[in-house]
Amino acid sequence: MDNMLQFMKLVGQLKRVPRTGWVYRNIKQPESVSDHMYRMSMMALTIQDISVNKERCMKLALVHDLAECIVGDIAPADNVSKAEKHRREKDAMVHITGLLDDGLRKEIYNLWEEYETQSSPEAKLVKELDNLEMIIQAHEYEELEGKPGRLQEFFVSTEGKFHHPEVLGLLKSLNEERARHIAAGGEKTTDTDSLTLAKP
């Protein structure tokens, strides 16, 4: 049980790891990695598509960023190559799952690897949820700051990455709400005429 306690303490670290993208954009009280994964898991829970395994989607959402309790949230702006990022996270996952009994160790590590390699329909869907959760959060920060459009780069970065019908439906609702806020102008700190909404 000592190892299980250490595992749970590592999981708890995710509550204290801020999402780097928000830190770099000077967001006050940025969300943690744990915050992000919780809403992703709730998104997975609400998926109604019977062609995918909902339980597996939830598990993938819960473990996909687990390595960040050790390596931190490595953002594109950190200029770390994909190969190096994967190496660091793989080493972290070997350590983290090594605290668990063999069955759990294999299950959690294999879930992480499945997400990393995008080797299943569930992993591909959860990747879409990952991107969608990010831009929902970006929209919420724009609302909280009263600066519609300030975090446009996050929306641009997801263009062409959404395909699942349920994800597209939620994206449509998000785009419509955000368009209204941009039209209203907020504090007009951004040239909203040049903005585009997130694209499928």
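From the backbone N, Cα and C atoms, a Cβ is placed for every residue, glycine too.
Summarising the annotation, Swiss-Prot assigns domain 'HD' to 33-135 and lists sequence analysis as the type of evidence. For HIS36, HIS64, ASP65, ASP130, the entry in Swiss-Prot reads divalent metal cation 1 binding site. Per Swiss-Prot, the feature divalent metal cation 2 binding site maps to GLU68, ASP73, ILE74; the stated evidence is similarity to another entry.
Recorded features from Swiss-Prot, shown on the structure.
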residue	record	Cβ contacts under 8 Å, 6 or more apart
HIS36	divalent metal cation 1 binding site	ARG19, ASP65, GLU133, MET134, GLN137
HIS64	divalent metal cation 1 binding site	MET37, MET40, TRP112, TYR115, VAL126, ASP130
GLU68	divalent metal cation 2 binding site	LEU14, VAL17, VAL33, ILE74, GLU89, ALA92
ASP73	divalent metal cation 2 binding site	VAL17, PRO18, ARG19, THR20, GLY21, VAL33, ASP65
Task: Give, as a single whole number between 0 and 100, the mean pLDDT over the domain 'HD' (33-135).
output: 97
Message: Let's see if you can do this one: DSSP helix, strand and coil counts over the domain 'HD' (33-135), in that order.
response: 78 helix, 0 strand, 25 coil
